[in-house]
């Protein structure tokens, strides 16, 4: 048995050698047995260096904006299909082990060129949630991955793209080529760190678009990597809101976890341009939350962690839904939210 590591779609799959004679003779039971073995014991990927598990506190601001680390682009790959509005890229950066981080943290990126508001000075730092575990996509602790949507500005009158107003950093990253240099700061952030004191905890993860980045790191740590100090036995539940099927990010990876760990992973997609909510309107992530609200509230009452990551415009709709559901249950949302924050169950990172 070996691993087929496919970095194009960021999925990995155990490869099983079937008895071809049995297969050709129509004895289908052999396939079934192989699948049941796969379900019972899904092989995980070895990671190194395991010294990355030794620190008791997360690394913070090892490289500041005035002294950024010069890293190297390894690869840039388009993540979305042709019918997705806009372009989102998966970018792997080689930091040589010099900018270690924990799942849920962010890197700062300083794009080349000078700040138009401060001639002669570099651009301001742009923060991006890291989309890989501390071991990176190659499991060796030397890379970090970012999930970046290209920011493009269209003139409202002409409807044409105005390159002068496009996002400087996102376009720099999406246009990068392997070998290009990149100025990195950080890592930063503690609010989205994955709590690991209870390996059997429940983690409810809510994302819109590239907000899925930190959850990809969590889920690889839970389900893909063989980490001696962290054996996940709880429930991870991902809600991802995007425009359509072509806009789904890391879908193959998440679907594999769903197949391999049906008791530990749930995955709900909200496709606003393809699905309808119960009122006949567009299906947004808050509509999915409402659909499962009873279950979610019970899990929160039992200590589940809940995370929100994505555009800040996602929060009013989600908060409104949670408030309405709480009131329908005869609860005060303000009191409940206050308790969730006090118990460190509530994690928000929006931009």
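Just so you know, the numbers here start at 1 and follow the chain as drawn.
Placement of Cβ uses the backbone N, Cα and C atoms for every residue, glycine included.
Taken from TrEMBL, the feature NADP(+) binding site applies to 129, 149, 210, 272, 273, 282, 310, 311, 349.
Taken from TrEMBL, the feature domain 'FAD-binding FR-type' covers 66-194.
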Q | residue 210 (NADP(+) binding site), number of other Cβ atoms within 10 Å | A | 23
Q: Could you check the binding-site residues 273, 310, 349 and say which one's CB has the fewest neighbouring CB atoms inside 10 Å?
A: 273
Q | Helix-strand-coil residue split for the domain 'FAD-binding FR-type' (66-194), DSSP-based | A | 11 helix, 46 strand, 72 coil
**Q.** Nonlocal residues around residue 129 (NADP(+) binding site), in sequence order (Cβ under 8 Å, 6 or more apart)
**A.** 104, 105, 106, 146, 147, 192, 210, 211, 213, 214, 309, 349
